[in-house]
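Noted in Swiss-Prot for the protein shown:
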- 1-58: region 'Disordered' (REGION)
- 16-26: compositional bias 'Polar residues' (COMPBIAS)
- 36-47: compositional bias 'Basic residues' (COMPBIAS)
- Glu89, Glu114, Asp141, Asp164: S-adenosyl-L-methionine binding site (BINDING)
- Asp164: active site (ACT_SITE)
- Lys168, Asp200, Thr235, Lys236, Phe237, Glu238: substrate binding site (BINDING)
- 170-175: region 'Interaction with RNA' (REGION)
Amino acid sequence: MQPIEQPGTGPDDITPESQDTNTAESAESGAETGHPRRIRSFVRRAGRTSTGQQRAINELGPRFQLPYTTEPLDWDAAFGRAGAKRIFEIGFGMGETTAHIAQLRPDDDFLGVEVHEPGVGALLKLIGEREIGNIRIVSHDAVEVLAQMIPEGTLDGIHVFFPDPWHKKRHNKRRLIQSPFVARLAAHLKPGGYLHCATDWEEYAHQMLEVLSSEPTLENTADGFAPRPDYRPVTKFEKRGLRLGHGVWDVVFRKRG
């Protein structure tokens with residue numbers, strides 16, 4: 001089945017009606033045709049890469065973008081250091097949140113996965129402007145990156161911020177945060193590693209909480225929804241939504257061990 005063409009926005013451009021590229025097509029759910037679907041971490045969306053974004057890709061891509069391969073990633077070689085915590089982000093939108101967190105946590109290494117070229121260019125532009133050295137980018141389906149490049153039990157954290165809510169009920173099965181995929185994510189965490197999801201779609205927030213709570217290898221860090229961790233910034237679109245009375249929910253679980 002081909003990826004569904006649908007516009008969207010990332011964690012730096014969020015409303016309940018318009019979210020980022022993350023989605024899921026679950027083999028357990030099945031397609032409308034009756035055939036099983038594989039999990040896919042994105043939808044294609046239209047968007048023009050600006051001159052500045054393209055320049056950043058051309059000039060900074062060779063240093064900060066990593067090719068997708070079917071071999072395990074050598075983090076130490078990719079980041080030029082050893083011993084840093086390893087954080088994996090699925091779908092970083094236009095990259096403002098990723099850049100902010102990486103600056104706030106310079107001792108951690110961040111691998112962001114995003115297929116939307118304008119978003120990749122935007123994050124590379126921020127990397128150059130702010131002289132950020134602890135981010136690397138892979139432009140590929142995050143599900144395949146996780147399966148092929150990230151060995152199990154090697155991640156200190158996973159971020160999934162504002163995935164597509166697929167708010168129509170008949171599309172709910174396309175959501176990324178479902179039990180089979182969460183089990184995969186948990187398998188790639190180290191004991192004590194965390195999985196942090198955030199959404200501004202309340203019904204999806206409750207689904208996230210239910211799904212993560214049902215994963216036996218994970219435990220909640222809070223009684224229900226978590227307070228927003230200090231490292232996750234409030235974006236301008238989130239502020240606008242909060243002024244309009246829209247909520248934002250964070251769910252943070254840790255790997256038992």
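Each residue, glycine too, has its Cβ placed from N, Cα and C.
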Inter-residue C-alpha distance, Asp200 (substrate binding site) and Glu114 (S-adenosyl-L-methionine binding site) (nearest angstrom): 20
Neighbour tally for Phe237 (substrate binding site), based on other Cβ positions within 10 Å of its Cβ: 21
The region 'Interaction with RNA' (170-175): DSSP-derived helix, strand, coil residue counts: 5 helix, 0 strand, 1 coil
Cα-to-Cα gap, Thr235 (substrate binding site) vs Asp164 (S-adenosyl-L-methionine binding site), nearest whole Å: 17
Diameter of the S-adenosyl-L-methionine binding set by C-alpha atoms, the set being Glu89, Glu114, Asp141, Asp164, in angstrom: 15
Cβ neighbour count within 10 Å of Asp200 (substrate binding site): 21
Local Cβ density at Thr235 (substrate binding site) - other Cβ atoms counted within 10 Å: 22
Fewest Cβ neighbours within 10 Å, where candidates are the binding-site residues Glu114, Asp141: Asp141
Sparsest-packed of the listed binding-site residues (Asp164, Glu238) - C-beta count within 10 angstroms: Glu238
Rounded to the nearest Å - Cα separation of Glu238 (substrate binding site) and Asp141 (S-adenosyl-L-methionine binding site): 26
For Glu238 (substrate binding site): DSSP state (helix, strand, coil): helix
Euclidean distance between Cα atoms of Lys236 (substrate binding site) and Asp164 (S-adenosyl-L-methionine binding site), Å: 18
